[in-house]
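For reference, TrEMBL has these:
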type	residues	note
BINDING	G103, W104, T105, G106, T107, G108, K109, N110	ATP binding site
DOMAIN	273-330	domain 'Torsin-1A C-terminal'
SIGNAL	1-20	signal peptide
Amino acid sequence: MKLGRAALAVLLLAPCVVRAVEPISLGLALAGVLTGYISYPRLYCLFAECCGQKRSLSREALQKDLDDKLFGQHLAKKVVLNAVSGFLSNPKPKKPLTLSLHGWTGTGKNFVSKIIAENIYEGGLNSDYVHLFVATLHFPHASNITLYKDQLQLWIRGNVSACARSIFIFDEMDKMHAGLIDAIKPFLDYYDVVDEVSYQKAIFIFLSNAGAERITDVALDFWRSGRRREDIKLKDMEQALSVSVFNNRNSGFWHSSLIDRNLIDYFVPFLPLEYKHLKMCVRVEMQARGYAIDEDIVTRVADEMTFFPKEERVFSDKGCKTVFTKLDYYLED
């Protein structure tokens, strides 16, 4: 939740309208103020990113980003590519696109949300129309859940009023207080408008570690039976994943009406990463830093990581999460 260039433009053009207010209240203030500048779009857009300036999604560009930057996640790549490109090509969707990304830390969930944002808005996660909520940061106290629900509804309504193609990312859903996320159910349902606002072009992305055990069980079964991980199909785990998350008392989706009413379009599993995938992460990071790929360093960094199950050591327990910091050590040699 950020002030951004849109807020700066409002402050420059109408200093008497917006005063020091809490971020969630600011969303409503901006939504109202921005509509008053329809007569001055050119002036306004000199100062701010405009909703109408969003880039047209290129399916090819999105696929290239996923292929070049995301490793070991054939299911996630296919689902995200088809879901996002299909949704954005539909001029009249019946409901917002709602994706729930599940898997262990370091498997690419945050990275995929970043890729989606960058392919829709030039500013990516820094765009005024992309909004990130972190459960432990923005909703820390269980005693304030009623207040959080009200604020969350106001914030989403205000921002969608300002830009129909707003993107909302909810991180750490496994740490969110149960029942809180149900406050946004009306916005995800099959309604043309809710309180005079249409949410049908918005995108909601949930990130969670919940269900990772179920995903690992399936991946491990395939490995032990000698089958390729690339042969795992979405149908092999999507239904079981949704049930697992729904019944997980430690998940923000515990007995959630979003699942009960089938309002989440896709439960996207992120598979645990193997040794070869860690090497891919190291190579890409070395290139990004301007270094020539040194396979000796690549191997040494990958060998530093720890794996599970204890006996078989198949999957990295931290994914690619700490690969980048370990690379710092070897690049300084």
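Glycine too: its Cβ is placed from the backbone N, Cα and C atoms.
Just so you know, the Cβ of T105 (ATP binding site) picks up 15 other Cβ atoms within 10 Å once every protein chain is counted. Secondary structure counts, DSSP: the domain 'Torsin-1A C-terminal' (273-330) has 32 helix, 5 strand, 21 coil. The most densely surrounded of the binding-site residues T107, N110, judged by C-beta neighbours within 10 angstroms, is T107. Other than the site residues G103, W104, T105, G106, T107, G108, K109, N110, same-chain residues with C-beta atoms no more than 8 angstroms from the centre of those residues' C-beta atoms, the ATP site, are F111, N209, F270, G319, K321. In this structure, of the binding-site residues G103, G106, the smallest number of CB atoms within 10 A of the CB marks G106. A sphere of 10 angstroms centred on the C-beta of K109 (ATP binding site) encloses 25 other C-beta atoms.
Within the same chain, the residues at least 6 positions away from G108 (ATP binding site) whose Cβ sits under 8 Å from its Cβ are L70, F71, Q73, A76, F270, G319, C320, listed in sequence order. For W104 (ATP binding site), the number of other Cβ atoms no farther than 10 Å from its own Cβ, over all displayed protein chains, is 22.
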